[in-house]
Amino acid sequence: MTVRHYLLLTVGLLVLLTGTFVAVEAAGFELLTDPTPAMGRMPLAAAAAIGVTLLVVDVVLPVPSSVVMVLHGALFGALAGAALSLAGAVGATVVGYLLGRGGAPLVARVAPPAEQDRAAALLGRWGPLAIVVTRPLPLLAETTAIVAGTTRALTVTRVALWAAVGALAPAVAYAVAGASAAGGADLPLVFAAVLALAGVTWLVGRRPRSPHPTTPAPPTSHSPQPRT
């Protein structure tokens, strides 16, 4: 697909995910609107499993992922809470990638091979940075993962590794906020810090690299000698 096709696909996915979010909010499902009361009543093992599962299905359902990550910190402490949140965030990216990969045959039918190769090269260049930067961002993280799966640019292993890089700082920050006495009161501040970090990462990743200086090669023994 061309860049225009990918932009249309991205917009379509954002609209679909936003519609799902509005529908779930209107229905009032407790686990998908505020899982704090339900998870707080569960045994810790069940709360851990539910928390990670919620983060994984966030790729298709409007889960309040930041609330779940803060709750992980409150229930399990900063270290274990961050580990649970990291596992769930990476799992969501992998699931989104696999969903996109499942739709690849449809993409192959509507896009010529040359356009697919061009798009794959573009995503291969910017894909890792896009996954890192969007991982803390609602809707964009899921959309980026699905779009990445529609090309041959990134393997599932690379996607998982870059997702871990992008999710590490938010997972730690939210877990620390949950483990602290303030708890959810710090949530807006932590979210703002995560957004700022994502912006800095994007700017650093886009900075042009200076070319390496080249030195002229020494003359070889076969070079012609000037006549005297």
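Cβ atoms are placed via backbone N, Cα and C, with glycine included.
Taken from TrEMBL, the feature compositional bias 'Pro residues' applies to 211-228.
Annotation comment: TrEMBL describes 63-179 as domain 'VTT'. According to DSSP, the domain 'VTT' (63-179) comprises 101 helix, 0 strand, 16 coil.
Marked as region 'Disordered' by TrEMBL: 206-228.
Non-local neighbours of the transmembrane segment (42-61) in the same chain are 17, 20, 24, 31-32, 35, 68-69, 71-72, 75-76, 84-85, 87-89, 91-93, 95-96, 99, 142, 145-146; each lies 6+ residues outside the stretch with a CB under 8 Å from one of its CB atoms. As annotated by TrEMBL, transmembrane segment applies to 42-61 (among others).
The transmembrane segment annotation in TrEMBL covers 73-99 (among others). For the transmembrane segment (73-99), the list of distant contacts is 39-40, 44, 47-48, 51-60, 65, 131, 135, 141-142, 144-146, 148-149, 154, 156, 159-160, 163-164, 167-168, 170-172, 174-180, 183: same-chain residues at least six beyond its ends, Cβ to Cβ under 8 Å.
TrEMBL lists 119-138 (among others) with the feature transmembrane segment.
A Cβ distance under 8 Å defines the sequence-distant neighbours of the transmembrane segment (159-181), meaning residues of its chain 6+ beyond its ends; these are 66, 69-79, 81-83, 85-86, 89-90, 93-94, 97, 127-128, 131-136, 145, 148-149, 187, 190, 193-194, 197-198, 201. The feature transmembrane segment is assigned by TrEMBL to 159-181 (among others).
Positions annotated as transmembrane segment by TrEMBL: 187-205 (among others).
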